[in-house]
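K.L.:
Got these off TrEMBL a minute ago, pasting:
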- 31-48: transmembrane segment (TRANSMEM)
- 54-74: transmembrane segment (TRANSMEM)
- 95-118: transmembrane segment (TRANSMEM)
- 149-171: transmembrane segment (TRANSMEM)
- 178-197: transmembrane segment (TRANSMEM)
- 209-225: transmembrane segment (TRANSMEM)
- 237-259: transmembrane segment (TRANSMEM)
- 265-287: transmembrane segment (TRANSMEM)
- 294-316: transmembrane segment (TRANSMEM)
- 346-364: transmembrane segment (TRANSMEM)
- 376-401: transmembrane segment (TRANSMEM)
- 407-429: transmembrane segment (TRANSMEM)
Amino acid sequence: MSAKIAAQLITQRRFLPLLLAQCLGSLNDNLFRYALVTMVTYSGLSLFGLERDILVPIAASMITLPIFLFSAIAGRLADKYDRTCIMRVTKQIEIWIMLLAALALFLRQPLLLLPTLFLMGTQSAFFTPAKNSALPSLLAPHELVPANALLSGFLNVSILMGVALGTWLAVRPLGPEIIGAGLVIIAILGWLSARQLPRVEAANRDLPVTFNFIAETFRVLGYALKAPEVLRPLLGAAWFWMLAASIITLMPVFTASVLGADATVVLLFSALFTMGAAVGALLCGALSGKGDALSFSIAGAIGLVVFTSDVALATWSNPIVPHGAPLIGANAFLADPTNWRLLADLGFAAVSAGLFVVPLQAMAQRRAAPEMRGRLLAAGGIMNAATATLGQFTLAFIALGHLPIQTAFLLIAAGSLLAAAVIGWRLALRRKPASAPS
C-alpha cells in the first residue's frame with residue numbers, strides 16, 4: 001500500500017515541487033561544504049593556522065549553528081504566513097547566497113568561505129520549518145510516512161551527488177570555479193521548483209512576529225516540552241542528525257589518518273553511507289502500513305549499535321598515518337579483502353539510520369497541532385542543529401584530547417543503544433491496555 005502511495009505522490013504538484021526544492025537545496029549545501037572540507041583536508045587550505053582535525057568540524061558547525069539560532073523565529077513565521085510562500089522567498093534568497101559562495105571559491109578565501117556557510121545555514125533555518133509544517137497541509141495523514149520516506153531517500157541521493165561533485169571537483173584544475181557556477185544554477189532551479197507549489201492557507205494569522213531569537217528559542221522549546229507526544233519523536237530524529245553529521249564530517253579525516261587513503265576513498269564511503277541511508281528510508285516507506293511504524297526505528301537503532309561498534313573494532317589497531325604520507329586510492333583499497341568488513345559495516349549502518357528516522361519524522365508531523373505545527377517542528381530543527389553542532393565539537397574535542405578517532409563511532413553506538421531502549425519501552429507502553437499514555 002505505501003509503495004503505491006509513494007508512486008502516486010511523486011507525480012503530483014502538491015508534493016513533487018517540494019521534493020525537488022529540498023533536494024536541490026541539499027545538493028548545493030553539500031556541494032559547497034564538501035568542496036571546502038576537501039580543500040582543507042587535501043589542498044592545504046588553512047585559516048589562522050588551525051590543524052585540519054579542528055578546522056573541519058568548525059567549518060561544518062558554521063552551517064548548523066544558524067539553524068539552532070534562527071529556527072524558532074522561522075517556526076513562528078511558518079505558523080503566521082503561507083508556508084509555501086516562505087519556501088519560495090527563501091529559495092530566491094539562496095540564489096544571492098550562492099553568488100557569494102561562487103565569489104568565495106574563486107578567491108580561495110577562507111575568511112569569506114566560512115561566513116558563506118553561515119548564510120547557507122540561515123537560509124536552511126527558514127526553509128525547513130516551512131517545508132515540514134506544510135506537509136500535513138498538503139498531504140493526507142496516511143501519506144506522511146511514504147512522503148517522508150521519499151524526502152529522506154532522495155535527500156540522501158542529493159547529499160551523495162553534492163559530496164561526490166564537491167570532493168572530486170575541489171582538487172581539479174578550475175574545480176572551484178566550476179563548483180561556483182553550479183551552485184548558482186542549482187539555486188535558480190530550486191527557486192523555479194518552489195514556485196510550482198500550491199498555496200497553503202496560513203494556520204495562525206493573528207500570531208505576533210518577534211525577532212528576539214534568544215527568547216523565541218526558549219519559548220519554542222517550552223512549547224515542545226509541553227507536548228511530549230511530539231517531543232519524543234523530535235528527540236529521536238535529533239539523534240539521527242547528530243550521528244549523520246558526525247559521520248559525514250568525520251569521514252575525510254578518518255579516511256586519511258586511520259586508513260591512509262585519499263579523497264577517492266572518501267567519495268566511496270560517502271556514496272556508500274548516503275545510498276545506504278536512502279535505501280533504508282525508502283524500504284521503510286515501502287514496507288510500513290498506515291501507522292507510526294516504530295518497529296522500524298527500533299530495528300534501525302539496533303543496527304546502528306552493531307555496525308558502528310564494528311567500525312571501531314575493525315580499525316582500532318590501525319596506526320595513525322602522518323600528514324603528507326603517501327595515500328592509497330579506491331582501487332587499491334577495494335583490492336584488499338580485509339577492507340570489505342569496513343565497507344559492509346558502513347553500508348548496513350547507513351541502512352539502519354534510514355530505517356530509524358523516517359517513522360519519527362512522520363509521527364512528529366502527524367501529532368503536532370496545525371496552529372502550532374511550525375513552531376513545534378522548528379523546535380525539532382533547533383534540537384537537530386544543537387545535536388549536530390554538539391557532534392561537530394565532540395569531534396574537535398576528541399582531536400584535541402588526542403583520543404583515537406574511532407572513539408566517535410563507539411559514542412554513536414552507545415547513543416543508539418539508548419535510543420533503541422527508549423523507543424522499545426514507549427512502544428511496549430502503547431501496546432498495554434488503555435491505562436498507558438500514548
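All positions are counted from 1 along the displayed chain.
Each Cβ is built from the backbone N, Cα and C atoms, and glycine gets one as well.
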K.L.:
Applying the under-8 angstroms CB criterion, which one of 149-171, 209-225, 237-259, 407-429 scores highest with the transmembrane segment (265-287)?
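P.N.:
Checked against 149-171, 209-225, 237-259, 407-429; highest Cβ contact count belongs to 149-171.
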K.L.:
Counting only pairs at least 6 apart in sequence, do the transmembrane segment (54-74) and the transmembrane segment (237-259) share 3+ Cβ pairs under 8 Å?
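P.N.:
They are in contact.
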K.L.:
Any contact between the transmembrane segment (149-171) and the transmembrane segment (346-364), i.e. 3 or more CB pairs below 8 Å with pairs at least 6 residues apart?
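P.N.:
Counting Cβ pairs under 8 Å, at least 3, so yes.
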K.L.:
Should anything in the same chain at least six residues away from the transmembrane segment (237-259) have a Cβ under 8 Å from its Cβ atoms, list it; otherwise answer none.
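P.N.:
Distant Cβ neighbours of the transmembrane segment (237-259) are 37-38, 41-42, 52-53, 56-57, 60, 64, 159, 163, 265-266, 269-270, 273, 277, 304, 308, 315, 318, 320-321, 323, 327, 333, 339, 349, 353, 356-357, 360-361, 364, 380, 383-388, 390-392, 394-395, 399, 405-406, 408, 412, 415-416, 419.
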K.L.:
Check for me, if you would, whether the transmembrane segment (294-316) reaches the transmembrane segment (346-364) - at least 3 Cβ pairs under 8 Å, residues 6 or more apart in sequence.
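P.N.:
Touching, yes - the transmembrane segment (294-316) and the transmembrane segment (346-364) meet the threshold of 3 or more Cβ pairs under 8 Å.
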K.L.:
Contact between the transmembrane segment (178-197) and the transmembrane segment (376-401) is defined here as three or more C-beta pairs under 8 Å separated by at least 6 residues; is that satisfied?
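P.N.:
When sequence-distant Cβ pairs are counted, the transmembrane segment (178-197) does not touch the transmembrane segment (376-401), since fewer than 3 lie under 8 Å.
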K.L.:
Residues of the same chain, at least six outside the transmembrane segment (209-225), with any C-beta under 8 angstroms of its C-beta?
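P.N.:
For the transmembrane segment (209-225), the list is 68-73, 75-77, 80, 231, 234, 372, 375-376, 378-380, 382-383.
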